[in-house]
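Contents: one structure, followed by commentary.
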Amino acid sequence: MYFKYTAAALAAVLPLCSAQTWSKCNPLEKTCPPNKGLAASTYTADFTSASALDQWEVTAGKVPVGPQGAEFTVAKQGDAPTIDTDFYFFFGKAEVVMKAAPGTGVVSSIVLESDDLDEVDWEVLGGDTTQVQTNYFGKGDTTTYDRGTYVPVATPQETFHTYTIDWTKDAVTWSIDGAVVRTLTYNDAKGGTRFPQTPMRLRLGSWAGGDPSNPKGTIEWAGGLTDYSAGPYTMYVKSVRIENANPAESYTYSDNSGSWQSIKFDGSVDISSSSSVTSSTTSTASSASSTSSKTPSTSTLATSTKATPTPSGTSSGSNSSSSAEPTTTGGTGSSNTGSGSGSGSGSGSSSSTGSSTSAGASATPELSQGAAGSIKGSVTACALVFGAVAAVLAF
């Protein structure tokens, strides 16, 4: 009985450690440089061609391409191949055609993240063949643990599925192969104060949550210890498509509120002649975009079209499941030598130049610097949370 309650309590508290809690420059705390924008309404990448990586940064490990697309391989301790778009977009849609990595403890991740620690996630555990995880964070707030859900999907490690995040100022909708599995409305997220609403970039990566150097709770959440001798374990991404509701050359936070109303954007230009035939962007006229003036200006904000959001509840949708007590337990984190995305796809770093929040422990090092630095401090902090809960229950 004690174990039952301990497991349930840990399952509830573990998401506290899973948001990104570090940013190179957090606009909630100080004035930051503008974000480079996607100055087009759409962007597509066919990862069966190496040129599709032209608008991406390989921030950890190596990401080769092959017939099945970009390859994110975990073969040994510390492997956490990760790529980020080199641009941000502001409301719209992100579609990723992915086959998750197999292997107990191996995590495949699709993450949208912003500089002020807003985040929207997909995560697939290598040993879970029937479901995937959805999650979100606003402003790095990890004080509640009701954000994550598990939703059904068939054989994600054997089959390519299209994972979609449709993101507007009113709602976030997660879909698999065109079927909605979860909807989060603006008001569901603490009255909108924790709703993801600032310019995001897309991050893709895999890592070993089951690495033996990780905290016990992380390993349990990931499904168990990763057996590297049975690998390698590869996540494949065939293609990516992004719709940008507000094309712009750059996005600027006009104050420290972190609200979508505070975002100013500069210009929309036609960059349809992109780097290659397999990585292309298209610009169209939009009421959302400002003029091409170099002075940032607020313009009528556009949002992508989507189904009417559900009126209430943290998660809704025909296939969504409750987040109250997931079938696996544990937190997130990468190995102490690697970096990667996960439910803990957040950025963190030992650099003294960044800014951090007190919301929770960082789960990964700052990937934009291309570093695979140590995160012993952050995973230790998560482990302390687990220990504290267990101690209280034992008492």
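Just so you know, the numbers here start at 1 and follow the chain as drawn.
Each Cβ is built from the backbone N, Cα and C atoms, and glycine gets one as well.
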Disulfide-linked residue for Cys32, taking Swiss-Prot as the record, within Cys17, Cys25: Cys25
Rounded mean pLDDT for the residues that make up the domain 'GH16' (45-230): 95
